[in-house]
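Taking it in order: structure first as structure tokens, then the write-up.
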Amino acid sequence: MVKRILSHHNIHTADHQKNNMTRRHSFEDTSLTDNRATSAPMIHNDTSIEDEYHHHNSKKKHSVTIVDVGTTELAMNKSNEQQTEIREQWSEKLDFLLSIIGFAVDLANIWRFPYLCYKNGGGAFLIPYVLSVVLGGMPLFYLELLLGQYYRQGAITCWRKICPLLAGIGWAVTIIAFYTDFYYNVVISWGLYYLFASFRKILPWSECNHRWNTPDCSTVNTRRQFLKDCINQFNTTLNNTIDLSSINSNEQHSFETSLFYENCSEKLTQLKIVSPAQEYFHLQVYRLNQTHNLSLENLGNINWQNLGCLAIIYLICYFSMWKGVKTSGKVVWFTALFPYVVLTILMIRGLFLNGSMKGIEYYIRPDLSKLNDPSVWVDAASQTFFSLGPGFGVLMAFASYNDFHHNVFRDAMITVAVNSLTSFASGFVIFMFLGYMSEVSGRAIKDVAEQGSTLVFIVYPEAIATMPWAPVWAIFFFLMLLTLGLDSSFGGSEAIITALSDEFPVLRRHREWFVGILFLFYFLIGIPSCTDAGVYFVELLQNYAAFYSIIIAVFFEAIAVSWLYGITRISEDVKQMLGTKPGKFWLGTWCIASPLFLGGIILSGLIHYINPTYGKLTDPFYYKYPDWSHLLGWMFALSSIIFIPAVAIYQLLIEQGSFIMRFRLAITPWKERQRNQNPDIIISTNHVLKKYVSEETI
């Protein structure tokens with residue numbers, strides 16, 4: 001392990017005896033490897049030193065020791081022979097681009113952005129969203145890719161080299177990614193469950209005649225008839241001139257323009273009438289039978305079908321990742337591109353649905369008054385951050401497998417643009433179908449629009465179930481969800497694998513076993529999520545595992561790079577990789593805009609924090625979490641970011657001198673510490689060289 005070798009004073013002194021050394025020179029050399037395309041260029045030859053040396057004494061014995069940290073792992077055996085392991089790289093440049101696009105474009109683009117856009121002023125929401133992308137999300141996304149490509153290490157090792165004082169950031173983000181995988185793959189397994197269920201002539205969530213259905217179950221047509229009868233009753237009572245009796249209940253018209261719609265809609269909500277799609281998810285996918293008193297204390301029995309789907313998901317992940325980025329880089333050609341094929345098909349189909357134009361109008365109709373609401377800006381900032389995904393260590397891990405001079409700027413800009421456009425385009429698809437659902441059910445769009453898992457596993461499937469050829473559209477939709485989730489899951493797992501493998505190289509040499517054990521552990525942790533009330537466990541993890549902790553971790557990342565590592569150093573690093581220094585825009589956003597962007601999200605989230613619940617108070621399957629679960633959730637969230645202050649305190653304690661001296665030493669980057677400790681180490685880009693020329697009289 002290279003860093004351990006470098007930590008000792010006697011760094012490989014082959015043929016270098018202190019007693020008979022008469023002169024020692026440090027000089028520059030050419031590349032350490034003949035494979036110039038896969039490593040950073042080294043410092044060029046200084047022939048004058050070498051020629052002069054040979055001229056003075058041709059009978060000198062040369063001993064050269066080279067330590068290369070970055071693209072290779074180096075070990076020395078007892079015979080002082082060098083053994084190197086070249087760092088794996090992407091097979092093709094497009095593998096990297098598709099991997100980061102696949103990671104950035106995930107389920108949040110489908111189930112969160114469209115709803116936020118509708119809720120926060122339609123087209124007006126694009127103003128705070130674009131500003132958040134430009135000033136916050138894009139700079140942080142680009143910065144993390146730069147750091148990963150420059151240091152060619154996972155998060156743990158990389159942050160220790162950037163700023164030893166805040167080396168805990170690497171551990172924090174790795175643990176957060178670890179926690180996130182506890183529930184994210186369970187959500188993907190729901191998509192697989194629905195995909196299998198879609199291979200039927202009649203979708204199981206379209207009717208109320210199944211064994212899991214209750215007397216409260218009501219189909220779309222039944223709910224529509226209830227609204228029609230209710231409004232007619234009001235009309236008759238008040239002798240209203242509006243006559244709805246001529247409207248055929250089979251025709252697709254919404255009743256929202258009626259004078260009494262709100263009264264009847266509220267009455268329908270109070271009755272807690274349940275749709276077949278709601279009961280399918282809560283009583284078949286899960287078993288939230290109200291008579292069983294299920295809760296976090298009593299999760300019930302294991303649902304073996306859920307567990308089987310989860311096992312399949314982990315098998316897919318394992319065989320996609322067990323050989324490294326060369327295999328996962330090929331899998332993403334399907335998982336990253338296929339969702340766009342499905343999205344295009346669904347968009348074309350949606351254009352021909354009754355009510356689709358109404359849905360689009362609700363989606364993009366601008367309401368500029370919403371911009372006066374601070375929560376709109378917070379929603380835009382949080383959506384930008386969680387959609388692009390800086391801070392999980394994924395971007396750093398993916399970029400570490402790039403060629404040192406790869407044009408990561410181009411890929412960053414492409415990914416940010418694709419991610420934002422995908423979010424916006426998916427909104428059209430979602431709201432076309434919501435407009436259609438509004439017409440079919442007779443309800444207003446505001447009463448059918450949802451976000452999160454409710455949208456993609458209840459509202460959207462119910463809309464699909466009412467369409468001709470419903471199973472075909474359901475298969476397309478859930479295949480899209482499955483692929484959207486899988487490539488994001490690949491990214492999260494690769495962040496953990498790379499970080500730990502770089503910190504403990506023995507894991508890389510046994511990657512197949514390491515990945516297998518990791519996914520087996522995930523599977524065991526996922527068993528509680530596959531019980532009768534496992535959805536409560538999933539939602540609790542989703543609320544506490546990553547939200548606040550990842551924002552705090554990335555806030556410290558921005559501080560560490562811009563104010564401790566310093567703009568001068570990062571500018572020189574970028575110049576070495578890309579040939580030019582970053583412009584004033586990037587420096588300004590890294591130093592000022594990004595920290596303010598993250599700080600605003602943190603403060604707003606804490607100020608407006610309320611204890612999460614499962615569902616709304618009016619929902620039939622509403623569940624209020626016990627107080628102890630919130631305390632446990634906060635402990636869970638803090639267990640990752642506690643590494644940041646803990647490592648900082650430890651780093652200050654092990655340094656020597658006054659507090660100011662300790663602090664200065666603790667913020668000194670690794671490459672400068674090595675240079676200060678031993679002038680014979682020459683650091684060039686992502687390589688560290690050490691050369692000795694010893695002279696012995698023969």
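Each residue's number is its place along the chain shown, starting with 1.
The backbone N, Cα and C atoms fix where each Cβ goes, glycine too.
Automatic, uncurated: that is what TrEMBL annotation is.
TrEMBL has this to say about the protein:
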type	residues	note
BINDING	GLY102, ALA104, VAL105, ASN109, SER387, ASN419, LEU484, ASP487, SER488	Na(+) binding site
DISULFID	CYS208-CYS217	disulfide bond
REGION	1-30	region 'Disordered'
TRANSMEM	96-114	transmembrane segment
TRANSMEM	126-147	transmembrane segment
TRANSMEM	168-196	transmembrane segment
TRANSMEM	302-319	transmembrane segment
TRANSMEM	331-352	transmembrane segment
TRANSMEM	380-401	transmembrane segment
TRANSMEM	413-437	transmembrane segment
TRANSMEM	470-492	transmembrane segment
TRANSMEM	513-538	transmembrane segment
TRANSMEM	544-565	transmembrane segment
TRANSMEM	585-611	transmembrane segment
TRANSMEM	631-654	transmembrane segment
(request) Would you kindly give the Cα-Cα distance separating LEU484 (Na(+) binding site) and CYS208 (disulfide bond), rounded to the nearest Å? (result) 30
(request) Please work out whether the transmembrane segment (331-352) lies in contact with the transmembrane segment (96-114), by counting C-beta pairs under 8 angstroms that are 6 or more apart in sequence and asking whether there are at least 3. (result) yes
(message) Of GLY102, VAL105, SER387, LEU484, which is closest to CYS217 (disulfide bond) if I measure between C-alpha atoms? They're all binding-site residues.
(response) LEU484
(message) Cβ under 8 Å, sequence separation of at least 6 from the ends of the transmembrane segment (585-611): give me the contacting residues as numbers and ranges.
(response) 132, 135-136, 138-140, 142-143, 374-375, 377-378, 381-382, 385, 547-548, 551-552, 554-555, 558-559, 561-563, 567, 570-571, 625, 630
(request) Just jot down the residues in the same chain as LEU484 (Na(+) binding site), at least 6 apart in sequence, with C-beta under 8 A of its C-beta; none if empty. (result) VAL105, ASP106, LEU107, ASN109, ILE110, THR335, PRO339
(request) Sort out the residues at least 6 away from either end of the transmembrane segment (413-437), same chain, that have Cβ-Cβ distances under 8 Å to it, and list them. (result) 97, 100-101, 104-105, 109-110, 113-115, 117-118, 126, 129-130, 133, 137-138, 141-142, 252, 340, 343, 346-347, 350-351, 353-360, 362-364, 383, 387-388, 445, 448-449, 455, 459-460, 462-464, 466
(message) If you count CB neighbours within 10 Å, which one among the binding-site residues SER387, SER488 has the smallest count?
(response) SER387
(request) Excluding GLY102, ALA104, VAL105, ASN109, SER387, ASN419, LEU484, ASP487, SER488, please set out which residues of the same chain place their CB within 8 Å of the center of the CB atoms of the Na(+) site, keeping sequence order. (result) ILE101, PHE103, ASP106, ALA108, GLY389, THR422
(message) Is it true that the transmembrane segment (544-565) and the transmembrane segment (513-538) have 3 or more CB pairs under 8 Å, sequence gap of 6 or more?
(response) no
(request) For the transmembrane segment (168-196), name the stretch out of 126-147, 302-319, 380-401, 470-492, 513-538 with the most CB-CB pairs under 8 Å. (result) 470-492
(request) Might you confirm whether the transmembrane segment (631-654) is in contact with the transmembrane segment (96-114), defined here as three or more C-beta pairs under 8 A between residues 6 or more apart in sequence? (result) no
(message) Let me check one thing: do the transmembrane segment (302-319) and the transmembrane segment (470-492) come into contact, meaning three or more Cβ pairs under 8 Å with sequence separation of at least 6?
(response) yes
(message) If you count, for each of the recorded positions VAL105, CYS208, CYS217, the other Cβ atoms lying within 10 Å of its Cβ, which residue has the minimum?
(response) CYS208
(request) For the transmembrane segment (470-492), could you work out the same-chain residues 6 or more beyond its ends whose Cβ comes under 8 Å from its Cβ atoms? (result) 99-100, 102-103, 105-107, 109-110, 177, 180-181, 184-185, 187-188, 191-192, 194-195, 198-203, 206, 313, 316-317, 320-321, 328, 331-332, 334-336, 338-339, 342-343, 345-346, 349, 389, 392, 394, 397-398, 456, 460-461, 464
